[in-house]
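Here's the structure, in structure tokens; my notes come after.
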Amino acid sequence: MNEILNTKDINAIGEFFIETWGCQMNEEDSEKLSGMLKKEGYIRTEERENADVIIFNTCCVRENAELKVYGNLGILKGLKSKNPNLIIAVTGCMMQQKGMAETIKKKFPFVDIIIGTHNLHNFPNYLNEVKKKDTSVLKIQEKEDSIIENMPIDRKNSMKAFVTIMYGCNNFCTYCIVPYVRGRERSRTPENIEDEIKKLISEGYKEITLLGQNVNSYGKDLEPKVTFAELLERVNTIDGLERVRFMTSHPKDLTDDVIEAIAKCDKLCEQIHLPVQSGSSEILKKMNRHYDREKYLDVVSKIKKLIPNVALSTDIIVGFPGETEKDFEETLSLVKEVEYDSAFTFLYSIRKGTPAAKFEDQVPEDVKHKRFNRLVEVVNEISAKKNKAYEGKIEEVLVEGTSKNDENKLMGRTRTGKLVNFIGDKDSIGKLVNVKIIKANSFSLTGEEI
């Protein structure tokens, strides 16, 4: 495995600010950037105006994320003119797209560092280069390297942590840019994953979320091969670990042994995120999802049979090219049949460089928005019903801190991922406690510690 390059000669130490768009993988990348900079002696600030180094970690899964980057970069021009020594860096998936780095440099020439997803570990070197030579750096590494282990990481949460088990994606869904910007699938060894988790437990962490673009493909590239189910069983035996979650699962690869592992491993939470994207077999075929409606519902049926109290969540794209009213109605009926606890719903947006961008039968924007609103209404109605079923029950909650809405209350999550605001003892923060659910709200639960 490659080791991170180490530098200790950055001249003046100052403050840095990181803004992150996108998924949990991006969040963990930002934690690594923060870890590297803190190791160099920098201090993190939450105020852009105070920073000596500003880093934007970008996303390109949807157009909206890109527009936010453009808007925020425009704002930085004023900060740069006030403080010429300010160093501005842009990284992440958006920069990994073909020609994007050059576009950013042309539109925003005041940006000092532009790098992609594959050379993030060298960020301190690039920063050093800019400071020493008074130059700019534009380095996009097109091919992914082997996995970099032992990177310093500055985690935002003191009791829950992301642990990446694999990088990249081999699925090539027609709407998705991820395989082009994150590279092919590469799995970490189970030993390295276990070592990271054990270190986190020694630091007081209670809950781990195993991350990958498609965790069910884990281990196929390792020698000897290791299945995701085997990894789950190994992680479940680690002493001191209280809870394990994972995301994201691809329905085509969610095998019976994984479902069985979740059912029998006591530390694995009864929560599965299973993106369906559409309820129409015709649209799923156009998306290149490698399953149809029937296969998806079959997987859901197996999950519910083995894990009766499971909480299911999903991703749904509305307005994919060629989606008819009939296709959309099939999505609505699937949502009603599965009864998701929650769903992340998105309007389809064209991603340049993907096959779907060239599809001619694009759905009009007004139609997309009407369908989206109808879907959200159904999803919210089901979510409220699922939450209502918790009233009167006693749930195990990992207490994360005080409630955002009421500092006199505590907040945490159930094993099924439900957010609970409750009256309790502040000494319980960081612990697992039993909470009686008194009231269900649209997107959270209210309770009291018992």
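Just so you know, glycine gets a Cβ as well, placed from its N, Cα and C.
Note that the structure is predicted; figures quoted are calculated from it, not measured.
What Swiss-Prot records for this protein:
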DOMAIN    14-132  domain 'MTTase N-terminal'
BINDING   Cys23, Cys59, Cys93  [4Fe-4S] cluster 1 binding site
DOMAIN    155-385  domain 'Radical SAM core'
BINDING   Cys169, Cys173, Cys176  [4Fe-4S] cluster 2 binding site
DOMAIN    388-450  domain 'TRAM'
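Packing around Cys169 ([4Fe-4S] cluster 2 binding site) is summarised by its Cβ count: 22 other Cβ atoms lie within 10 angstroms of its Cβ, all protein chains included. Within the set of binding-site residues Cys169, Cys173, Cys176, the entry lying nearest in space to Cys59 ([4Fe-4S] cluster 1 binding site) is Cys176 (CA atoms). Residues of the domain 'MTTase N-terminal' (14-132) grouped by DSSP class, helix first, strand second and coil last, total 64 helix, 23 strand, 32 coil.
DSSP gives Cys169 ([4Fe-4S] cluster 2 binding site) a coil state; it is part of no helix or strand. Counting residue by residue with DSSP, the domain 'TRAM' (388-450) contains 4 helix, 33 strand, 26 coil.
When Cβ atoms from all protein chains are considered, those within 10 Å of Cys23 ([4Fe-4S] cluster 1 binding site) total 18, not counting its own. Spacing of Cys173 ([4Fe-4S] cluster 2 binding site) relative to Cys93 ([4Fe-4S] cluster 1 binding site) is 17 Å (Cα to Cα, whole number). Across the structure, Cys23 ([4Fe-4S] cluster 1 binding site) and Cys176 ([4Fe-4S] cluster 2 binding site) are spaced 14 Å apart at their Cα atoms. Cα of Cys176 ([4Fe-4S] cluster 2 binding site) to Cα of Cys93 ([4Fe-4S] cluster 1 binding site): a distance of 12 Å.
When the binding-site residues Cys59, Cys93, Cys173, Cys176 are scored by other C-beta atoms within 10 Å, Cys93 scores highest.
Averaged over the domain 'Radical SAM core' (155-385), the predicted model reaches a pLDDT of 96. Cys169 ([4Fe-4S] cluster 2 binding site) sits 13 Å from Cys93 ([4Fe-4S] cluster 1 binding site), taking the Cα positions as reference. A Cβ within 8 Å of the Cβ centre of Cys23, Cys59, Cys93, the residues given for [4Fe-4S] cluster 1, is found for these other residues of the same chain: Trp21, Gly22, Met25, Asn26, Thr58, Cys60, Val61, Ala65, Gly92, Met94, Val178.
Surrounding the centroid of the Cβ atoms of Cys169, Cys173, Cys176, where the record places [4Fe-4S] cluster 2, the chain contributes additional residues within 8 Å, namely Asn171, Phe172, Tyr175, Ile177, Val178, Pro179, Gln213.
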